[in-house]
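Got a structure here, written out as structure tokens. Questions coming.
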Amino acid sequence: MSKFTHINEQGNAKMVDVSNKNITKRTAQAHSSITVNETIYQQIIDNTNKKGNVLNTAQIAGIMAAKNTSTIIPMCHPLPLTGIDVQFNWQINDNTTYTLNITAIVSTTGKTGVEMEALTAASATALTVYDMTKAVDKGMIIGETYLESKSGGKSGDYRR
């Protein structure tokens, strides 16, 4: 009935059967960001936020999010992830705003890709920074979240 991969013959949602796919090394890298004011920036780099170490907590949240992606994205397969890395890079915009660029890199050896895990990790990392610093300023801006690259699998490699 349907040519959609995640819809069954009755028109209802289904998770795709990947049992016949080849096992390959798969990686994905995703980006997100959050722009903060100078007070929050100083608290983060000086590690003086009242809730604790913002970047360490956000990094752990990103790792946990990648590991739990299949529990929050309905058609995502649970995967045995072989590596997760969350990295940070500050961009100083002017004397009043600072952007924390977040890179999440996820890898596995499996039958389906890890793009959603990388995107979920990057998103959760930015959300955790917001959560830990919102008492200082609720005007932070979470920026674009997107896939930077992926490798492995039938569709091949992708680079933004």
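Using N, Cα and C of the backbone, Cβ positions are placed for all residues, glycine too.
Straight out of Swiss-Prot:
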- Asp131: active site (ACT_SITE)
- Met75, Cys76, His77, Met116, Glu117: substrate binding site (BINDING)
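Describe the structural context of each listed feature in the structure shown, including burial, neighbouring residues and relevant distances.
Secondary structure at Asp131 (active site), taken from DSSP and collapsed to helix, strand or coil, is helix. Close to Asp131 (active site) in the fold, though at least 6 residues off in sequence, lies no residue with a CB less than 8 Å from its CB.
The Cβ of Cys76 (substrate binding site) has 17 neighbouring Cβ atoms from other residues within 10 Å, across all protein chains displayed. In three-state terms derived from DSSP, Cys76 (substrate binding site) belongs to neither a helical nor a strand segment and is classed as coil.
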If we count other C-beta atoms within 10 Å, could you say which of the binding-site residues Met75, Met116 has the fewest?
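Output over binding-site residues Met75, Met116: least Cβ neighbours within 10 Å is Met75.
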If you skip the near sequence neighbours and keep only those at least six away, which residues in the chain come within under 8 angstroms of Glu117 (substrate binding site), Cβ to Cβ?
Ala28, Ala66, Lys67, Thr69, Cys76, Leu79, Leu81, Ile84, Val106
Count the Cβ atoms, other than its own, that fall within 10 Å of the Cβ of His77 (substrate binding site), considering every protein chain shown.
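Around the Cβ of His77 (substrate binding site), 16 other Cβ atoms lie within 10 Å.
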For substrate, what surrounds Met75, Cys76, His77, Met116, Glu117 with a Cβ no more than 8 Å from their Cβ centroid?
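Near the substrate site, the remaining chain residues are Thr69, Ser70, Ile73, Leu79, Thr112.
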What whole-number value in Å do you get for the largest C-alpha pair distance within Met75, Cys76, His77, Met116, Glu117, the residues recorded as binding substrate?
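In whole numbers, the farthest two Cα atoms are 12 Å apart.
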